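Colleague: Annotations per TrEMBL:
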- 1-64: region 'Disordered' (REGION)
- 25-44: compositional bias 'Low complexity' (COMPBIAS)
- Thr116, Asp190, Glu215, Lys245, Asp249: substrate binding site (BINDING)
- 250-411: domain 'S-adenosyl-L-homocysteine hydrolase NAD binding' (DOMAIN)
- Gly281, Glu282, Val283, Gly284, Lys285, Gly286, Glu302, Asn405: NAD(+) binding site (BINDING)
Amino acid sequence: QQIQFADDMQEFTKFPTKTGRRSLSRSISQSSTDSYSSAASYTDSSDDEVSPREKQQTNSKGSSNFCVKNIKQAEFGRREIEIAEQDMSALISLRKRAQGEKPLAGAKIVGCTHITAQTAVLIETLCALGAQCRWSACNIYSTQNEVAAALAEAGVAVFAWKGESEDDFWWCIDRCVNVDGWQANMILDDGGDLTHWVYKKYPNIFKKIRGIVEESVTGVHRLYQLSKAGKLCVPAMNVNDSVTKQKFDNLYCCRESILDGLKRTTDVMFGGKQVVVCGYGEVGKGCCAALKALGAIVYVTEIDPICALQACMDGFRVVKLSEVIRQVDVVITCTGNKNVVTREHLDRMKNSCIVCNMGHSNTEIDVTSLRTPELTWERVRSQVDHVIWPDGKRVVLLAEGRLLNLSCSTVPTFVLSITATTQALALIELYNAPEGRYKQDVYLLPKKMDEYVASLHLPSFDAHLTELTDDQAKYLGLNKNGPFKPNYY
């Protein structure tokens, strides 16, 4: 038997020769370069540190109406967008259905969102439906540079790159809004920064704006504040609270991307770890479900008794942050509020505690309080800082307190297709609405449209809807074709 085993070994070694192994590794590295995956765009691949604002770049058509990291990455970005299109069939379907009638002909849309391959599919759909677009990023870390380059190459006026400074951030927004001979008549915002900038710097633009579409908790909160104060001068569509955004993007997207972001940045193992999730809205629910599934011990903080009761029913301990701050291994914020994790909390954390934010804005963790002389900041890898106290304790801060999943990883394409389709329909609705249908207030997407977005995504699962009979529809008091849910759902 031993002789036979030796023969087998000799036979085996005939195949993977040293040359073979070398060529295999070379082909693997070559293919990973060719595919230029999303993960690759999150490494600092810049060949120089010159600010894009100081570069003179033109696309193949000679246009310089953009500002991106490197226009030469456009081909890689185009591949990223084509990959995203495979899983965004509803947007492509919308593009095909409406391309003939061009429902956005004459629309001049200024946008401020995350600039990823998925957003690019939305932007190019809006252009295919007749719109002109100018775009900036709503987060200084979430832009995929190669995708921004591909959009610029395709003729979209895009001003964004990964790792902008605060000054760059507002400069990019300003370049989108303040243009000679071009004035926006629609706003698509994520977080409210674009809307805030127009109110602050160019309020006259609102005379031409037909509507605002906003998709984040923070941005919607700002809109309701403006409406309450009587300062909202155009109709606004609250996409964040539409069912297809709230129940799918916020919940299912975060359920998958929270783990991706944490794993990529820290290589943490979740089994047995103690984690506190601040906020049990849809984002918090998704984060908790994922962490629990991997064996983490999860605590929840809440201000809302209804959400707190839901957390209890789902098997989570509802606590005050101060009660568990000394023992937890990971702190995740997703409240949409500010100063949820204060310097006092950070001082009391255990050594190597991981701190991150899944809410839109970077206000939830008091990062400013950590920029003091007695604390040492150590950048250990992209988007990962160790903040070191005088006694040697260190806290692991991810993305400087900004949105974890889009700053440090990527998010599932399919679920973003749902949100993007909702945004496109909201823009079409507001742009084409007869005068007087929408007043200077904040509106939810009509439920019929919500259901239409959902129906566009069902073919991906080969899902077959049951149809009501006339008798059943009459019994329920519903139209056979919907809407099936009341507006308050």
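Glycine is no exception: its Cβ is also placed from the backbone N, Cα and C atoms.
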Colleague: For Glu215 (substrate binding site), which residues in the same chain are close in space, meaning a Cβ under 8 Å from its Cβ, but six or more apart along the sequence?
Modeller: Thr113, Asp189, Asp190, Val239, Asn240, Lys245, Thr419, Thr422, Gln423
Colleague: What is the Cβ neighbour count of Lys285 (NAD(+) binding site) at a 10 Å cut-off, with all protein chains included?
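Modeller: Within a 10 Å radius of the Cβ of Lys285 (NAD(+) binding site) lie 24 other Cβ atoms.
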Colleague: With every protein chain in view, what's the tally of Cβ atoms within 10 Å of the Cβ of Lys245 (substrate binding site), excluding that atom itself?
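Modeller: So the Cβ neighbour count for Lys245 (substrate binding site) comes to 26.
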Colleague: How far apart, in Å, are the two Cα atoms that lie farthest from each other among Gly281, Glu282, Val283, Gly284, Lys285, Gly286, Glu302, Asn405, the residues recorded as binding NAD(+)?
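Modeller: Pairwise Cα check on Gly281, Glu282, Val283, Gly284, Lys285, Gly286, Glu302, Asn405 gives a maximum of 22 Å.
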Colleague: In the structure shown, with every protein chain counted, which of the binding-site residues Gly281, Gly284, Gly286 has the densest set of Cβ atoms within 10 angstroms of its Cβ?
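Modeller: Counting every other Cβ within 10 Å of each candidate, the maximum falls on Gly284.
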Colleague: How long is the line from the C-alpha of Gly286 (NAD(+) binding site) to the C-alpha of Asp249 (substrate binding site), rounded to the nearest angstrom?
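Modeller: It is 10 Å, counting Cα to Cα.
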Colleague: Could you tell me the C-alpha distance between Gly284 (NAD(+) binding site) and Thr116 (substrate binding site) in angstrom, no decimals?
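Modeller: Thr116 (substrate binding site) has its Cα 23 Å from the Cα of Gly284 (NAD(+) binding site).
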Colleague: At a 10 A cut-off on CB-CB distances, which of the binding-site residues Asp190, Glu282, Glu302 has the highest count?
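Modeller: When each Cβ's neighbours within 10 Å are tallied, Asp190 tops the list.
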Colleague: I need the nearest neighbour of Asp249 (substrate binding site) among the binding-site residues Glu282, Lys285, Glu302, Asn405, using C-alpha distances.
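Modeller: Closest recorded candidate to Asp249 (substrate binding site) by Cα: Glu282.
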Colleague: How many neighbouring Cβ atoms, not counting its own, are there within 10 Å of the Cβ of Asp249 (substrate binding site)?
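Modeller: Its Cβ shell of radius 10 Å holds 26 other Cβ atoms.
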Colleague: Which whole-number value in Å describes the distance between the Cα atoms of Thr116 (substrate binding site) and Asn405 (NAD(+) binding site)?
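Modeller: About 12 Å separates the two Cα atoms.
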